[in-house]
Amino acid sequence: MKNADLLKIAKTYGNPVYVYDSEKIISQFNRLTNAFKGVKRLRLNYAAKALSNISILRLMNSLGSGLDTVSIQEVQLGLMAGFKPESIIYTPNGVSLEEIEEAAKLGVQINIDNLSVLEQFGSKHPDIPVCIRINPHVMAGGNSNISVGHIDSKFGISIHQIPHLLRIVELTQMNINGIHMHTGSDILDIDVFLYASEILFETAKNFKNLDFIDFGSGFKVPYKEGDIETNVEELGKKLTDRFNTFCKEYGKELTLAFEPGKFLVSEAGYFLAKVNVVKQTTSTVFASVDSGFNHLIRPMLYGANHTIENISNPQGRERYYSVVGYICETDTFGNNRRINEISEGDILCFKNAGAYCFTMASNYNSRFRPPEVLWHNGKAILIRERESFDDLVRNQVDVKDLFTTAKEEIAVK
Ligand SMILES: Cc1ncc(COP(=O)(O)O)c(C=O)c1O
């Protein structure tokens, strides 16, 4: 997107504001689809958690994507956005059997990641096909919080528990129609995917009625120009060959599924915030913006390095800044960043703000969550309004005379 378009959006809708470029989302979707064009049955299930605005879900649906969900609410959002139940996979972790049964009633593909629930669900609903999430014991991912396929992780059924799993399947007579893994996010090395895939193929041989194998996600995207990223084209070639060979051995054309979040929406997003204060201290120059980890927590949570540009003064002399927020705790977006000279009132643009930014936003410090704007066919479309004070207090029960009464009672005593 051009700086002028972003500045115009900030002027129209105020700041801070999130902006998403539909063209980038579409090109990423096509890029991944092309990388796996040698697979007869490919399915991309967009991971709703990355960015769950209904307009984004509708866009994904229009592209022919399926949907990967982790909560009953994400399932409901997907259905509301027009996804057919059979295009939705529900992969919860640590939720109640009741929630899984509710999702099953809605007709979505259930993916179970522990033996306790598998046994209970299989005993009660042997006719509902189930996918199982395997923990392949692979350490992968850009940060410990997003490495989820290793031996100490809470996710998935350990590959060492396959004998127990098979016993449950045999005794309950349930139908396992898919196997799944997701080892982490920000995985650069395609050998990690290929190695973990071998574990899935090995596991798959134990099940006779599979329809699909889901390889999860975790593709690393670039965070600045020239940055390293997962080579999805090379992965596409290698995994396609291996997958097609496996299908021949298995005796059935299976669906190869992925569930990308970041890959599809990260680079499409821009977060715009205004500089309130430029503060020279003895050690640095702080640029404080009208936002904080209430709107963009990834730098503080994962050490994510979002490129920050001053789009109000793109030709200005470059200087070093610490860009911080207005929250009552240390909320540093970036230290020692070389940015075109910043003045108070300038608009800073945080790149890669499409994935896990709005969806992780909160009302901390009683601030409003910002609006979301979709940039589509050269037009800005508001897809979420900025919150208001009414939104902040909507569910609070303001019991006005609660403490007046207490005061009176104390007075009487
Ligand atoms: C089960 C599952 N699938 C897919 C994803 C999406 O991962 P990414 O955003 O790295 O593509 C996640 C992310 O946490 C996940 O937990």
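Glycine is treated like the rest: Cβ placed from N, Cα and C.
Copied over from TrEMBL, here are the features:
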type	residues	note
ACT_SITE	Cys328	active site, proton donor
BINDING	Gly218, Tyr356	pyridoxal 5'-phosphate binding site
BINDING	Arg298, Tyr302, Glu329, Tyr356	substrate binding site
DOMAIN	18-354	domain 'Orn/DAP/Arg decarboxylase 2 C-terminal'
DOMAIN	23-266	domain 'Orn/DAP/Arg decarboxylase 2 N-terminal'
MOD_RES	Lys49	N6-(pyridoxal phosphate)lysine
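Of the listed binding-site residues, namely Tyr302, Tyr356, the sparsest Cβ surroundings within 10 Å are found at Tyr302. Site extent for substrate: among the recorded binding residues Arg298, Tyr302, Glu329, Tyr356, the largest C-alpha separation is 21 Å.
Proximity of the recorded positions Gly218, Arg298, Tyr302, Cys328, Glu329 to ligand 1, judged by a Cβ distance under 6 angstroms to any of its atoms, singles out Gly218 in sequence order. DSSP classifies Gly218 (pyridoxal 5'-phosphate binding site) as coil under the three-state reduction. For Tyr302 (substrate binding site), the nearest of the recorded positions Lys49, Gly218, Cys328, Tyr356 in terms of C-alpha separation is Tyr356. Among the recorded positions Lys49, Gly218, Cys328, Tyr356, the ones whose Cα is located within 10 Å of the Cα of Arg298 (substrate binding site) are Tyr356.
Nearest neighbour of Tyr356 (pyridoxal 5'-phosphate binding site) by Cα distance, taken over the recorded positions Lys49, Cys328, Glu329: Lys49.
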